[in-house]
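J.: Please find one structure pasted underneath; my questions will follow.
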Amino acid sequence: MPSPSAAIVKRVACPNSKHTAVNAACCSWFNVLDDLQENLLLSECGENSHSALRIVFHDAIGFSLTKDFGGGADGSIIKFGDTELEFAANAGIDETAGDLQPFADKHGKTYGDIINFAGAVGVANCPGAPRLQFLAGRPNATAPAPDGTVPEPFQTIPVILARMADAGFSPAEMIALLASHSIAAADEVDTTIPGTPFDSSADQFDTQIFIETQLRGLTFPGTGPHQGEVASPLVGEMRLQSDHNFARDDATSCIWQSFADNQPLMAKEFAAAMKKLSVLGQDVNKLIDCSEVIPIPKKSTVTPHFPAGKTHADIEQACATATFPDLPTLPGPAQTVAPVPPES
């Protein structure tokens, strides 16, 4: 039984909604949630949920601790889309920005808020993901971010880490953010094969990205190699050059390996890094915590494993202080990874 001193949390009924909230100021976000899930994200870990997460990073990383530019997580990638969506690093983001803008306008939300809300909801649609924090109340962006703030997969590890450090992120936080690639697919690296996943389970927030990136690369999924792409271990799988290098660089290889068989750690560190990313440039004291609106993700059905046809012998050991974990191999013939199907 609860103790007599246990606090009773009162919830209020939200008008024009089936939902209740602890903070009445969050009620309007339930309407946005229902609209997004029904008409864009489809309550599934599909292409639109993946894209909703991607735009969070591309918008927020336009921030610097040392230079006077960009407002961080402020929606400038939509507000000033005529500028930012022309940057090469933002290729493919225009569709997501165009999808989200009408939801913000319809519900009277700022573009910074709609981006971070949709990203958190999209992540929640993926089994195994953490429930991300969502703070509401970002003001509208006042200027575009400059070109060159979004790291590119063909850049060297020192260059990427320097850009992330300038935005306030450590190497460990950078690797934690790359857990997003567990639910991601490439459309623009090789445009002949849109929806090519980075691991074998793009509909699950699991550790396979950190396992499969450590396997020896053998082939390209399409007409590669292209800029920013290196050989992947599985037919139908895309490997980014930057992911390959992060998994093997002395500065990051042991961090990368630490997630390979530890999904709870991966989820925890990803949530912490996203919490920081989502409020770059914002005064959190002026924001309202509406995390209660974000759905609770389902548990993942995937346990860490080597894909069928692969064993520990296929691992390219990089961490100097710990051996890559010995994992079970899925039974059956060598695995082929299917593309993420497009959504309307």
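The backbone N, Cα and C atoms fix where each Cβ goes, glycine too.
Dumping what TrEMBL says about this protein:
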- Cys14-Cys27: disulfide bond (DISULFID)
- Cys26-Cys290: disulfide bond (DISULFID)
- Cys45-Cys126: disulfide bond (DISULFID)
- 51-323: domain 'Plant heme peroxidase family profile' (DOMAIN)
- Arg54: site 'Transition state stabilizer' (SITE)
- His58: active site, proton acceptor (ACT_SITE)
- Asp59, Gly72, Asp74, Ser76: Ca(2+) 1 binding site (BINDING)
- His181: heme b binding site (BINDING)
- Ser182, Asp199, Asp206: Ca(2+) 2 binding site (BINDING)
- Cys254-Cys319: disulfide bond (DISULFID)
J.: By a simple count, how many Cβ atoms lie within 10 Å of the Cβ of Asp59 (Ca(2+) 1 binding site), its own Cβ left out?
T.: 34
J.: With every protein chain in view, how many other Cβ atoms are within 10 Å of the Cβ of Cys26 (disulfide bond)?
T.: 20
J.: Sorry to bug you, but what's the C-alpha spacing from Asp199 (Ca(2+) 2 binding site) to His181 (heme b binding site), rounded to the closest Å?
T.: 8
J.: Using a 10 Å radius around its CB, how many other CB atoms surround Cys254 (disulfide bond)?
T.: 15
J.: For the binding-site residues listed here (Ser76, Ser182), which one has the lowest count of neighbouring CB atoms within 10 Å of its own CB?
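T.: Across Ser76, Ser182, these binding-site residues, the one with fewest Cβ atoms within 10 Å is Ser76.
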J.: Of the recorded positions Cys26, Ser182, Asp206, which one sits closest to Cys14 (disulfide bond) when you measure Cα to Cα?
T.: Cys26
J.: Can you figure out which of Arg54, Cys126, Ser182, Asp199, Asp206 (the recorded positions) comes closest in space to Gly72 (Ca(2+) 1 binding site), comparing Cα atoms?
T.: Arg54
J.: Rounded to the nearest angstrom, how far is the Cα of Asp74 (Ca(2+) 1 binding site) from the Cα of Cys26 (disulfide bond)?
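T.: Checking the Cα atoms of Cys26 (disulfide bond) and Asp74 (Ca(2+) 1 binding site) gives a distance of 19 Å.
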